[in-house]
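A quick write-up on the structure given underneath.
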Amino acid sequence: MNTKILETLEFNKIKDLFQGSLQTEQGKLELQVLQPTTKKEAIERAFLEVTDMEQILVEDPHFHLAATKDITAISKRLELDGDLNIEELLVLKKVLRVSHDLVTFYNDLENVRLQELNRIFENLVDFPAIQGSLLAVNDGGFIESFASEELGRIRRKIQENESKVRDLLQEILKNKGDMLADQVVASRNGRNVLPVKNTYRNRIPGVVHDISASGTTIYIEPRAVVNLNEEISNYKADERYELLRILQELSAMIRPHAAEIANNAWIIGHLDLVMAKLAFMRERGAVVPAISDTQAIQLLQVRHPLIQNAVANDLHFGPDLTEIVITGPNTGGKTIMLKTLGLAQIMAQSGLPILADKGSRVGIFSQIFADIGDEQSIEQSLSTFSSHMTNIVSILEQVDSESLVLLDELGAGTDPQEGAALAIAILEDLRLRQIKTMATTHYPELKAYGIETDWVENASMEFDTDSLRPTYRFMQGVPGRSNAFEIARRLGLSEVIVSHAQEQTNTDSDVNQIIERLEEQTLESRKRLDNIREVEQENLKFNRALKKLYNEFNREKETELNKARLEAQEIVDLALSESESILKNLHAKSSLKPHEIIEAKAQLKKLAPETVDLSKNKVLKQAKKNRAPKVGDDILVTSYGQRGTLVKLLKDGRWEAQVGLIKMTLEEQEFNLLKAEKEQQPKRKQVNVVKRANTAGPRARLDLRGKRYEEAMKELDEFIDQALLNNMAQVDIIHGIGTGVIREGVNKYLRRNKHVKSFGYAPQNAGGSGATIVIFK
């Protein structure tokens, strides 16, 4: 698309309307380079993305994106084998965090059928390992001591020596306070010094770092702390080196994935732009138009997006119409209508929603050309006519049948008779070349051209003769007429003079009377159309009510299906329960190892279909409410599908339960009473429901803090085996930070264990790098 039309129609100002809704720098960059396209598939994809986002926000109104920065320069540095600084790592950390949140959101998204955004979401790549490593850099830009064992050791040494220095200085302050100018420890040149009175400078041996302006105070670093301060300086140099090494290590870890992370950043920005489009639709009442295959345009209640409270108009530019000529006096809104058509096309071809009603349709044009306004060049001393004609000559040389042409005040700026003749000739040339054109003019001769010529239609802007003001309503099919006589009469001009003037233009008066009747018919048609729109709105309300009833019916149907699934599940559960019993007997009577038991269980479970989620079943919920739990009751932990026994009711209302070899603390809603189920179904066997859930629930924990390495590894092996035997989906291992030996041992063990799906550090508020969360397959 030529840039001149974008400037003429102020497309950059249109983009600014979306700017305020954007959260990401990448989204702002994408909007900045956005241009109209002629590829129908690309436009339809852009519109489908907006429709998809609308569905997502209906399902989850709280879905949002966090602000992220552009990582183009960061990616370039990584490609050139450069190392990143802390600020750049924080930018990447934010991008990875948002990427992870989006992946999680998409995986959990239900009840939404996406047509385009699924492709976008599925291209996101999650990097849990890199995210875990970047936890070492906190959001304040500080590299935590657990980033490496060496860094932790260095910082402990610095703290120890600084503590010794403080103790020594405090002792000197206490014992030799009378020799000091002030009872404080000062700092000079990065060293801790004491303000010693000049008269006692030889009584406190050390290094002089500064002298006060008056010469009465000497700032001395006592000899007793010089060596310690030297050690501190050396350790701080080591710290800087280690921090640099950590940054290099993190950069090396990220470098192979730079392209994928950059793609993640683009996706985040793209989703941000899609959300901005949807926000514009909701705030301004915009719509996504249909795309025509025949360049047919139908704009319903279209408005100019840059004009506050713009009058809405209908415009029909069908395939059987080549030109629309808007005639009539100036100041009626003809130019605005011209620009409104151009902007609607440019916005739609850029994948942006347009200010119109549903049912609107746009074409696809390879180029849009316009000659609008007075663009004469003072430097070239061109007249208004010459300026317009220069533009029109250029347009006529470039246009083809795939173009849209907008001409404002065609033929103006010269002799009216010659100007009208030129205007008709130019329009005829465009018509014969089948180039869609909308033109405005105040020459009455063009009314006849519009009436007599095929594929051409007249139009005008409505004028209220009562208020003597333009209404800015577009009247398609009705030529414009002069209201000079009526205006003069209402302003008080003598009736004799007005009548005499009308006698001089009898022919024009007849034409004006015909136009007046056409205007009346158009107004009547508009009223009927308004009534039709009201009926359509009522139908929409009725359709929404029907849809609501349909959804309620589906929910009831799902309830009945769940009951059927429950009965089927009980049969499966019985088989699984019997297999559990067999395996336990084998384990008790033979020398099978725990991991062999786990393998056997896994093979048996493959024989059964996937379990259904009964946690939301109304029948079970009602059964649970029939009796309050008490100590000794058998229970089923819903999140893990494990049987247990209630041991004690705690003060806070939670229950302590024995589940296998593990004790758990449970909320009442986290388990079902098995005895209550027995009372209702005395003839049925009680069974275990084997289920793993991703939702939050009770967890088994192993605390290895304070253990020796060999002892900790043995306990870890036994604990993991027991957790697998008990069908745990997730466990927590607390190893602390310490020297990192136990933590590294845990990581190595988990990496080797084929039953572990994934593991990573806990959130900061749940132990951070001092605890590891393990998720089983």
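Cβ atoms here come from the backbone N, Cα and C positions, even for glycine.
Source: prediction; values computed, not measured.
Marked as ATP binding site by Swiss-Prot: G328, P329, N330, T331, G332, G333, K334, T335. Per Swiss-Prot, domain 'Smr' is recorded for 702-777.
Residue counts for the domain 'Smr' (702-777) under DSSP (helix as H, G, I; strand as E, B; rest coil) come to 35 helix, 19 strand, 22 coil.
On its own chain, G333 (ATP binding site) has V311, M461, P470, Y472, F474 as residues at least 6 apart in sequence with a Cβ closer than 8 Å to its own Cβ.
Long-range C-beta contacts of T335 (ATP binding site), restricted to its own chain and to partners at least six residues apart, with a cutoff below 8 Å, comprise I372, G373, D408, T440. In sequence order, K334, H442, S460, M461, F463, P479, G480, R481, S482 make up the list of same-chain residues 6 or more apart from G328 (ATP binding site) whose Cβ falls under 8 Å from its Cβ. All protein chains included, G332 (ATP binding site) registers 24 other Cβ atoms within 10 Å of its own Cβ. The DSSP secondary structure for K334 (ATP binding site) is helix. The Cβ neighbour count for P329 (ATP binding site), using a 10 Å radius over every protein chain in view, is 17. K334 (ATP binding site) counts 27 other C-beta atoms within 10 Å of its own C-beta, drawing on all protein chains shown.
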